[in-house]
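Working notes for the structure below.
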Amino acid sequence: MTITITNIKRVGSEQTESLTIENGLIKGWNLPAEGEIFDGQGGTLAPALIELHAHLREPGQTEKEDLASGLAAASAGGYGTVVCMPNTRPVIDDPALVRSLIEKARGLGFARLRPAAAVTKGEKGEQLTEMSYLKEAGAVMFTDDGLTNENARVLRLGMEYAKSLGMVISVHAEDDALRAGGVMNEGPVSESLGLPGNPAAAAAARVARDMEIVALTGARLHVQHLSTARELDIVRDAKRRGLPVTCEVCPHHLDLTDESLRTFDAMYKVAPPLRTRADADYLLEGLLDGSVDCIATDHAPHTRAEKERDLLDAPSGIAYIEIAFPIMWTRFGERLGLEKLIDLMTAGPARVMGWPEPSLEAGAPADMVVLDLETEREVNPAEFKSKAKFTPWQGQKLRGFPLLTVVDGKVAYRRE
């Protein structure tokens with residue numbers, strides 16, 4: 001199959017060029033047009049984005065999302081690869097389930113699926129999974145995300161097992177006892193609203209503990225969704241000590257704060273919770289100075305009925321994978337710059353995983369996205385590919401929407 005994308009620009013260039021793709025690989029730049037031709041409309045060509053943290057809800061919770069809707073949403077957001085979390089029903093802790101998900105996703109024609117598998121059976125925090133068989137089946141990461149690895153000894157054993165396989169463990173780092181019952185960040189806003197708070201110390205204490213387990217084992221650890229300044233300081237210190245630690249930040253922890261909860265709207269309820277503007281600004285500095293390795297969304301869809309419940313009862317999570325890049329480009333593009341932002345959403349995740357960094361040179365795999373960096377569009381969740389057709393950014397005007405996403409040399413998304 002041959003595709004030519006015309007009328008595009010490279011990152012950092014104003015020159016209009018074309019790119020030809022053949023049999024899943026980049027054939028070259030500015031060659032005679034052949035095959036199916038797509039007009040890039042003057043957009044900027046970048047490697048397809050990589051998502052290390054998404055909840056696709058299949059199997060068992062497909063009323064919230066499924067592989068087809070979640071991967072279609074990812075493709076519409078410019079993503080070429082998605083690592084799905086294992087906190088499904090049943091939990092992704094069986095090699096046969098890993099293989100089944102990969103095979104099903106392959107036939108959908110959207111973003112590439114790379115399943116994460118659980119560290120412990122059933123994510124119960126007790127008995128380790130058969131990590132070697134899960135890796136052989138295609139699992140790319142181990143995590144009990146959704147739970148918090150309360151048992152330090154089990155986490156240590158899991159990290160040692162993962163290390164022997166050359167794999168990374170990813171952690172949702174919050175202390176369950178400290179965060180118990182909290183529905184939002186503990187601070188002046190929660191106090192003024194009379195809502196139970198989840199203190200920043202719950203996240204910081206768990207990250208600090210986990211850094212010591214890294215020091216003990218020498219195993220690679222990836223810390224999910226930093227939300228506080230103190231967590232970032234702890235990770236920075238671990239990196240200065242030479243520990244094999246990486247971390248991610250989510251757009252919602254940069255753009256939204258606990259002030260949003262003044263509406264008592266559970267759409268803003270996430271775990272870890274939205275923190276203060278000072279925390280968000282500090283995390284942005286971590287992106288700028290390289291302390292934070294990558295951006296991930298923690299795409300976590302729920303049904304509208306669930307998110308319309310009282311704050312105390314509603315589940316945590318925001319789903320917005322198809323507008324993640326526009327949020328980051330519109331809100332923080334001026335501070336970060338395009339090259340840095342693209343790196344944080346492509347090469348950064350690849351480095352965390354130990355994958356080859358994406359390339360747009362001849363011979364490289366044809367995973368790419370054409371981005372419209374200039375045109376403002378109003379966010380309309382009714383147009384989302386995701387089943388979660390609601391978002392905190394509804395009605396806001398953003399720039400940076402994908403025009404075309406190509407995965408393995410095939411069109412996975414094209415904006416109509």
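Backbone N, Cα and C atoms are what each Cβ position is placed from, and that goes for glycine too.
When Swiss-Prot records H53, H55, D145 as binding Zn(2+) 1, the matching candidate from D289, D293, D298 it lists for that site is D298. Zn(2+) 2 is bound by D145, H172 in Swiss-Prot, and the record lists one more residue there from H225, H252, which is H225. Taking H225 (Zn(2+) 2 binding site) as the reference point, the recorded positions whose C-alpha atoms are within 10 Å of its C-alpha, out of L56, R57, D145, D298, are D298.
Taking the Cα atom of each, H302 (substrate binding site) and H172 (Zn(2+) 2 binding site) are about 19 angstrom apart. DSSP assigns R57 (substrate binding site) to coil in the three-state reduction, outside any helix or strand. In this structure, the CA atom of H172 (Zn(2+) 2 binding site) is 17 Å away from the CA atom of L56 (substrate binding site). Spatially, by CA atoms, the binding-site residues H53, R57, D145 include one closest to D298 (active site), and that is H53. For the pair L56 (substrate binding site) and D145 (Zn(2+) 1 binding site), the C-alpha distance works out to 13 angstrom. Here the CA atom of H53 (Zn(2+) 1 binding site) lies 12 Å from the CA atom of N87 (substrate binding site).
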